[in-house]
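Quick look at what TrEMBL annotates:
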type     : residues : note
REGION   : 69-110   : region 'Disordered'
COMPBIAS : 74-83    : compositional bias 'Gly residues'
DOMAIN   : 116-512  : domain 'Amino acid transporter transmembrane'
TRANSMEM : 147-168  : transmembrane segment
TRANSMEM : 209-231  : transmembrane segment
TRANSMEM : 243-261  : transmembrane segment
TRANSMEM : 267-287  : transmembrane segment
TRANSMEM : 307-324  : transmembrane segment
TRANSMEM : 344-363  : transmembrane segment
TRANSMEM : 434-451  : transmembrane segment
TRANSMEM : 457-479  : transmembrane segment
TRANSMEM : 491-510  : transmembrane segment
Amino acid sequence: MATLIRSKLSNKLSNAATAVSNKSQAKVSGMFAKMGFQAATDEEGLGFVACDDLDYDHRQGMQMDILTSDEMGGEGSGDGGALEGDSHYQRDGTGPPRSASKDGGPTNELTEARPKITAWEAGWNVTNAIQGMFVLGLPYAILHGGYLGLFLIIFAAVVCCYTGKILIACLYEEDEDGQLVRVRDSYVDIANACCAPRFPSLGGHIVNVAQIIELVMTCILYVVVSGNLMYNSFPDMPISQKSWAIIATAALLPCAFLKNLKAVSKFSLLCTMAHFVINVLVIAYCLSRARDWAWDKVKFYIDVKKFPISIGIIVFSYTSQIFLPSLEGNMYKPSEFHCMMNWTHIAACILKGLFALVAYLTWADETKEVITDNLPPTIRAVVNIFLVAKALLSYPLPFFAAVEVLEKSFFNDGARAYFPDCYGGDGRLKSWGLSLRCILVVFTLLMAIYVPHFALLMGLTGSLTGAGLCFLLPSLFHLKLLWRKLLWHQVFFDVAIFVIGGICSVSGFIHSVEGLVEAFKYNIEE
């Protein structure tokens, strides 16, 4: 009897301690998830809470199984009803189903509380990702690729639309009744599933590294484009492009102090509308010079040395796969996801193709890396100032996403963390954690100073991470997880995309690195 009483007291104390621990973990996880960008907001925080709940139940189930077996073997017919209230933690399926979370609320309420979006709202998120300010580099891609560059804009749209769909297909598996059930929640989950059981976390690490590189490179591009635009807007001022980049970074340093993106997100819609107006102004100016268009300059030829860089530029302008799983999971009707992907990528293909072609026809061989630099000085200054404002306001989004991935991978991964937690017990960021954020901002500045080439950096990012996340990994994961259910033409498409994506990625990466090394040496000599 004494043994039974001790086991019950131990169980109650363990339950209470574990509940407090998991509740704090859930709050911290939700806080980190809310610092995401695009669609990654409250729903991921709730997802982390749900995962903590499942982990809590699993560990409690192990404890209850051990206690029950001890009691059955020790006391025989002890007071079996005393543990009835905790019987739902048993993993053998004999207890009643779990109907409440640790906080006392029903689990289904947790699921229903997730914010849902319509197909139009999801399409708006995808459009923001694939039709941002980096389309300003597409005319430069036409300069080195001619009609083949236009074809590549169409081809990249088709492939990215397809790989987005097959990536979402990897989130689902059929149950015993043949119904599709969502068993994974993110790109990382898919990658880990493909590498299991030998290397269950290798795929997630690869995706996280690619994501960090792409996000940090995006931040660098924002600094580069800010310095470039300001320098070309005011060429008579005694301020170099590097100095403009330093001024822009000084304005971005407060990003290290922000706890969330709530204040910045208020400007996102305004920035998007402003960018749309700028694109319309550029196209309107180009149309006003339609009589002088140089159709003879657009040929079926490629610059062997620079066209691979153009491939990276085009691919980078379509990258959205990294947040598609979260977006699809948030839709009221996930069945509308395919339709949403179709019309967003068709619209992007048409608008990007027209913008790139019209701009190139207007300036032909004089087309610059950032097309607004070709505008007359009076118009250029106004347009570029708006673009700089958009770049500076857009910087915190990829910056916080990169910070979140780094903190979660190295500082906030429980016992598996490589370094101590950068947050104190009260949830405040420690001073050294703040210093690391400032170092990240300064790193983006140094890269922008020593390699101030928008097209080269964009091509490198597109070739390295863009092609990997949009072409290589989705097709590889699709073949690995669903190859038994694929038709022959689907297998052919996946293999073709993997091969073509690999060739484009390698060639673009090599040429981009060569260009960056030359540019870096030139800046060091100066």
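Glycine is treated like the rest: Cβ placed from N, Cα and C.
What TrEMBL says about a protein is an automatic prediction, not a curated fact.
Here the transmembrane segment (243-261) does not lie next to the transmembrane segment (457-479) in space: the count of CB pairs under 8 Å, restricted to residues six or more apart, is fewer than 3. Within the same chain, residues 159, 162-163, 166, 308-309, 311-312, 315, 459-460, 462-464, 467-468, 470-472, 475-476, 478-479, 483 sit at least 6 positions outside the transmembrane segment (491-510) and bring their C-beta atoms closer than 8 Å to a C-beta of that stretch. Most Cβ pairs under 8 A with the transmembrane segment (307-324) among the ranges 147-168, 267-287, 434-451 are made by 147-168. Across 147-168, 267-287, 434-451, 457-479, stretch 457-479 shows the highest tally of CB pairs under 8 A with the transmembrane segment (209-231).
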